[in-house]
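Asker: If you scroll down you'll find the structure; I have some questions about it.
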Amino acid sequence: MGGNLWERLSVALNFSGVFLLQDAVCTLNTLQTNASALDQVRRERGHPEIQLQAMRGFLQRAGLKVEELDHLNIIHVTGTKGKGSTCAFTEQILRNYGFRTGFYSSPHLVQVRERIRINGRPIEKDLFTKYFWQVYNRLDETKESHGGTMPAYFRFLTILAFHVFLQEKVDVAVIEVGIGGAYDCTNIIRRPWVCGISSLGIDHTSILGDTIEKIAWQKGGIFKPGVPAFTVKQQEGPMTVLQQRAEEIGCSLSVCPELGQYQSLGVEPVKLGLAGLHQRSNASLALQLTHCWLQRQKDHNTLDNLRLEGHPSPRRLAETDWLGRNQTLTHGGITYFLDGAHTTRSMQACVRWFSEAAAQHETNTTGSLVRVLLFNATGERDCAAMLKLLVPCHFDFAVFCPNITEAIATCNADQQNFNVSVENMLTRCLDNQQSWRVLNGREEKPEAEFLIGDGLPLVAEQRSATLVFPCILSALRWITQGKDPVLSDPSKHLIPVKVSVNAKAAPLRAASNIHVLITGSLHLVGGALKHLEPSLAS
């Protein structure tokens, strides 16, 4: 009887923990649509320096001091593309040295806990819940005396990350910038140990500026007086801006060597855990950041028993894992290629990787093959430019869907987005479909619009192999046609697809192999991974 009682208690406690976690995530999501927070963001867009001032106020209300962040031994990284991968490489190397690491990144793919990592793993559910309510309650209790304001979603998570890392006493905190650098809320950091800037390109132009030089100025804003900084090889214009920023702020700026140059130092051949040639510059930046951090810690006698000879071993780079970036999954005869590329430059890199990876897989397969593109993009991205880069990949089908994981969105609080309506998301998908048809020489308008449950449109066109689905699960199930058992969970609600739409899937049903490239948005990739790798959502 005692055993049964403990078993019941264990189940009850586990259920309670899940409930409390979901309650925390749902409460966090309210910060996406907080009216005063949105008004605040609009006001500050014209005066970006106010953002850091506001962030300091929120940090203080949460019971933290900027001075406390000095004790986190921070590595601060920005860039347009590759900053997350650089952070992942950096964290992996330092963790293999035996340090207790903290890693803050964005966005998350499947669960919001992924943004705050301890020793390479998303923070445990109970710890996330505990620390969330500690920070949220402090802010909520003080909001009346501060005009009812609460920090917006990303600001809150940044404060939460700092709180977690301080409470968990990490040896080093690897912090990825959200957007830009100079006025990003992570830039309340006063004394990082080293800063890094990955490859620069055009993105978030309404916030950062419409030229790569303006964007470089923003990125260089994370430089701090006397703090070493590293960057990868950049175009001449932005590199000049970065050098000027470093000189004005008073820090040294070094350009990382090519990864192949490490072998000339007697280092073994470098292998990376992340696919794609563009990861080589990210890996080199990570090696420079970790070497500098280790050397500075040794010089300051901050850490005991530190043994450092030469550069950190590139051997650790092969152990790095970073989901959703140049990732390949094989489920029987279906191979998924996932990459969250969302700018034209990152899409160029994605196309190079996919072309090589798909060709390699094709040499090892027999029978017929169908290629499918699953695409979505959000915000102000130039979707037509990205889709144009994908045309040479010769897809048999192009499928578009919003970043909605499944028909009943309330069952997945981690991936809810209240900042954009379902109608707007679907309109974007229809626009992307039309762009694809134009790029492929099919400018006729769709002949018919098929409506499915709840009035959400699914559009198909007789002369074109393009479709729009209302959610990611519907798109994946149509693409795979029952060939992937991982997607066949009967408990997941799925809006029925009309017979005429299923008829278009005949080539997919007949194919021995299906290759699916999922790209355009990290949120799309994350939603797909939720279904393709169910363990990530547990």
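From the backbone N, Cα and C atoms, a Cβ is placed for every residue, glycine too.
So TrEMBL says this about it:
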- Ser106, Glu176, His204: Mg(2+) binding site (BINDING)
- Arg325, Asp339: ATP binding site (BINDING)
- 1-20: signal peptide (SIGNAL)
Asker: Return the residues near Arg325 (ATP binding site), defined as same-chain residues 6+ apart in sequence whose C-beta is under 8 angstroms from its C-beta, sorted by sequence, else 'none'.
Answerer: Gly84, Ser85, Leu274, Gly276, Asp339, Gly340
Asker: Would you mind checking how many other C-beta atoms are within 10 angstroms of the C-beta on Asp339 (ATP binding site)?
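Answerer: The answer is 26 other Cβ atoms.
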Asker: Report the same-chain neighbours of His204 (Mg(2+) binding site): residues 6+ apart in sequence with Cβ closer than 8 Å to its Cβ, ordered by sequence.
Answerer: Ile179, Gly180, Gly379, Glu380
Asker: Compute the mean position of the Cβ atoms of Ser106, Glu176, His204, which form the recorded Mg(2+) site, and then list in sequence order the other residues of that chain whose Cβ is within 8 Å of it.
Answerer: Lys83, Gly84, Ser105, Pro107, Val177, Gly178, Ile179, Asp184
Asker: Would you mind checking how many other C-beta atoms are within 10 angstroms of the C-beta on Ser106 (Mg(2+) binding site)?
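Answerer: That number is 19.
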